[in-house]
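Below: the structure, in structure tokens.
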Amino acid sequence: MTYQNTLAFAQQCDREDPLAHFRSKFLLPKDDKGNPQIYLCGNSLGLQPVTTKQYIENELTDWAKHGVEGHTDAEHPWLPYHEFLTNSMAKIVGAKPSEVVMMNTLTTNLHLMMVSFYQPTKTKYKIVIESDAFPSDKYAMESQLKFHGFDSKEGLVLWTPRDGEDLCRFEDLEKIMEEQGDEIALLMIGSTNYYSGQHFPLKKITELGHSHNCMVGFDLAHGAGNIQPDLHNTGADFAVWCSYKYLNSGPGSLGGCFVHERHADNKDLNRFAGWWGHNKETRFNMRHEFDALSGAEGWQLSNPPILSMAAIRASLDIYEEAGFDTIRAKSEKLTGYLEYLLDELDNDQIHIITPRDKAERGCQLSIQVKNANKDLHTKLTKAHVISDWREPDVIRVAPAPLYNNYEDVFEFVERLKNVL
Ligand SMILES: *Cc1c(COP(=O)(O)O)cnc(C)c1O
């Protein structure tokens, strides 16, 4: 792909973009003059689909009309409502439908998965995580170590970039496993690191972990809806994600959970149980001993919030219509254009932390601006660019292929040039 550093070229790409019309399916935040802002924050909170309101209203209407009977008589009955999300969600993360369920929120699911898949012994108890992991993941790991009576510092092994480098190297993870594999019980890695944007080789990590008898899980918060993690084929034991970033399902909306099919009917695994994970045939008899559903569904606890799931349905229907491969193809080209324009700035202050190889990143680029401080971000915000600032000197920008266009990317780099 040869790019050009002109607005005309960006507009030409937009005219040729097979997904161009999807932009109008989203509500773009406006500036004070009523023009759409340059929204590059879909890695933090995805935008609202125009249809979301209607999907939620339909449930409110059915609740008004049917009361409790809505569980069976609503247009989309609430009893099996989570099942309406499963097929689309499974495709997006490359899993079998039986391996996927939408429930709870990300960190809650992470704890539930650790109840089942973190089974430390006195000698094999450590957890490996990437050093720049999202704080919530680190807190979850540390509290699990403490809960099992281990020292949370000593028990948490950090996979760290080398001095002077920004990215983690696979060979350094191999070295950790060679040296401490006998003491490690679990590898829990953010599939696409939230800070650097580095996407890790999930299958290689899983094979490495399994060869040392460790469980392997991934946090796909920055992967789901962004890259194709191909979860089933990685062989990972479990994965968790949220639906409000790339999956555009609204603030605090429900998370997703993957349990590999090899664990589907393992009733000996520890698990924290609730009635929604119980056999559907006898769930309402209420007097039976817990009988876990087969597959990921068996980890559900409560009857789920239908209004939140309605928003997820609205978003997944858009993914279905666009097709994930088409979305990803645009994403690679769009982020490639951003990378090209940043390189064209030819400014020594700017350093792209995110890998240059498309296979090792999603849509986000993390841009280090040397000697900059948060003023830079404030100025960008004043210039109607919505981006994300991470101390000490990194701007994260994520052109989302469903609603961002080439002109957004061109304009962003123009405005960045102006404020620098
Ligand atoms: C966004 C994000 C979270 C947020 O967790 P919640 O439980 O949904 O609040 C956790 N981990 C990672 C890696 C994230 O990117």
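Positions of Cβ are set from backbone N, Cα and C atoms, glycine also.
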Quiz item: Since TrEMBL lists Leu106, Thr107, Phe134, Pro135, Ser136, Asp137, Asp219, His222, Trp275, Asn303 for pyridoxal 5'-phosphate, which candidate among Tyr244, Tyr337, Tyr340 does it give for that site as well?
Solution: Tyr244
Exercise. Would you pick out, from the binding-site residues Phe134, Tyr244, the residue whose Cβ has the largest number of other Cβ atoms within 10 Å?
Key: Tyr244
Practice problem: Counting Cβ neighbours within 10 Å across all chains shown, tell me which of the recorded positions Leu106, Asp219, Lys245, Asn303 comes out on top. | Solution: Asp219
Quiz item: How many Å lie between the Cα of Phe134 (pyridoxal 5'-phosphate binding site) and the Cα of Lys245 (N6-(pyridoxal phosphate)lysine)?
Solution: 14
Self-check item: Neighbourhood of ligand 1 - binding-site residues from Leu106, Phe134, Ser136, Asp219, Tyr244, Asn303 with Cβ under 6 Å
Solution: Leu106, Phe134, Ser136, Asp219
Quiz prompt | C-alpha spacing of Leu106 (pyridoxal 5'-phosphate binding site) relative to Lys245 (N6-(pyridoxal phosphate)lysine), in angstrom | solution = 12
Quiz item: How far apart, in angstrom, are the most distant Cα atoms among the pyridoxal 5'-phosphate-binding residues Leu106, Thr107, Phe134, Pro135, Ser136, Asp137, Asp219, His222, Tyr244, Trp275, Asn303?
Solution: 31
